[in-house]
Amino acid sequence: MNPYVLMILLSSLGLGTTLTFASSHWLLAWMGLEINTLAIVPLMAQHHHPRAVEATTKYFLTQATAAAMILFASTTNAWMTGEWDLNNMSNPIASTMVITALALKIGLAPTHFWMPEVLQGLDLLTGLIMSTWQKLAPLALIMQTAQAIDPLLLTALGLTSTLVGGWGGLNQTQLRKILAYSSIAHMGWMIIILQYAPQLTLLALGTYIFMTSAAFLALKMSSTTKISTLTMTWSNSPILTTTTALVLLSLGGLPPLTGFMPKWLILQELTKQNLPISATIMALAALLSLYFYLRLCYAMTLTISPNTINSTTPWRIQTTKTSLPLTISTTIALGLLPMTPAILTLAT
């Protein structure tokens with residue numbers, strides 16, 4: 001892609017998200033979401049592959065539907081209350097419509113069906129943008145309107161998403177689909193705690209972004225998109241394989257890795273709020289997710305592809321790809337757990 005065009009598209013992505021962050025008016029928020037969607041569509045379709053075009057079409061249709069619903073809900077709210085303000089969603093029909101539309105935007109279950117299909121059709125870097133940056137604007141709107149939304153609805157969305165994210169990833173062989181279901185499950189964790197401790201939602205979002213970035217960049221570095229090709233990575237680059245396996249375990253939420261921190265604090269907060277059943281379901285759903293991450297780790301580190309190599313295995317494979325973003329995100333995704341007290345002090 002032409003670097004000038006790429007610069008314009010990436011600037012528009014940033015502009016769309018910033019507009020939504022800064023807005024207190026529904027029309028401005030909607031405009032930001034639209035700019036965001038229109039900026040990523042050419043990035044998705046840049047390879048002119050039938051699967052990429054199909055994924056782009058699916059993504060565009062779902063996002064356009066969600067944007068239309070947001071516009072309809074905000075107009076309804078303005079009609080009923082005379083207010084276009086984000087924080088004044090006093091009409092229950094409008095607030096339910098808004099949360100449904102925003103759930104469709106970020107791929108929360110039960111409106112998640114587009115997400116694995118779309119992510120499967122994209123290359124890893126565009127998939128990374130879709131899994132991280134594209135979640136920010138809708139999540140900012142959800143956080144601003146959360147107080148007007150029925151708590152039962154938020155809890156149901158959170159529980160459904162973690163369960164669907166756990167169950168859906170079990171049977172997959174494609175790594176991008178596994179990461180899509182992982183994303184759905186993590187969104188569930190963020191949404192369920194939103195009404196009780198919004199700072200924990202932000203913490204979970206931050207750790208999720210770093211862990212997912214590390215996972216996508218590691219797969220990009222080893223040019224891997226299927227479990228079967230994952231088995232060949234150990235003989236190519238043992239250090240990269242080791243850190244990738246640890247990043248996946250961090251995504252699953254195993255101590256002593258960073259991914260354990262948000263899960264631990266969210267379960268603690270749910271217990272404090274006297275919601276032991278929700279906390280138990282969330283913990284069991286996390287075990288489902290952990291199973292498919294362990295499957296990937298097993299394929300990477302404990303099975304070696306049946307190929308005979310007569311030459312000596314290089315300890316560190318020489319590459320021309322830039323590895324600084326991968327190094328930074330991997331370090332954060334693995335070693336932040338000891339910082340928990342400091343992060344808690346900052347968050348409260």
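Glycine is treated like the rest: Cβ placed from N, Cα and C.
Curation plays no part in TrEMBL annotations; they are all automatic predictions.
Here the structure is a predicted model, which means the values were calculated and not measured.
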Candidate ranges 12-31, 152-171 [criterion: TrEMBL lists as transmembrane segment]: 152-171
Residues flagged as transmembrane segment in TrEMBL, choosing from 239-257, 296-314: 239-257
Range from 60-80, 92-115, 202-219, 239-257, 277-294 with most C-beta pairs under 8 A to the transmembrane segment (152-171): 277-294
Considering the transmembrane segment (324-347), which listed stretch of 60-80, 178-196, 202-219, 239-257, 277-294 counts the most C-beta pairs under 8 Å: 202-219
Whether the transmembrane segment (277-294) meets the transmembrane segment (92-115): three or more C-beta pairs under 8 angstroms: no
Within the predicted model, mean pLDDT of the domain 'NADH dehydrogenase subunit 2 C-terminal' (290-344): 79
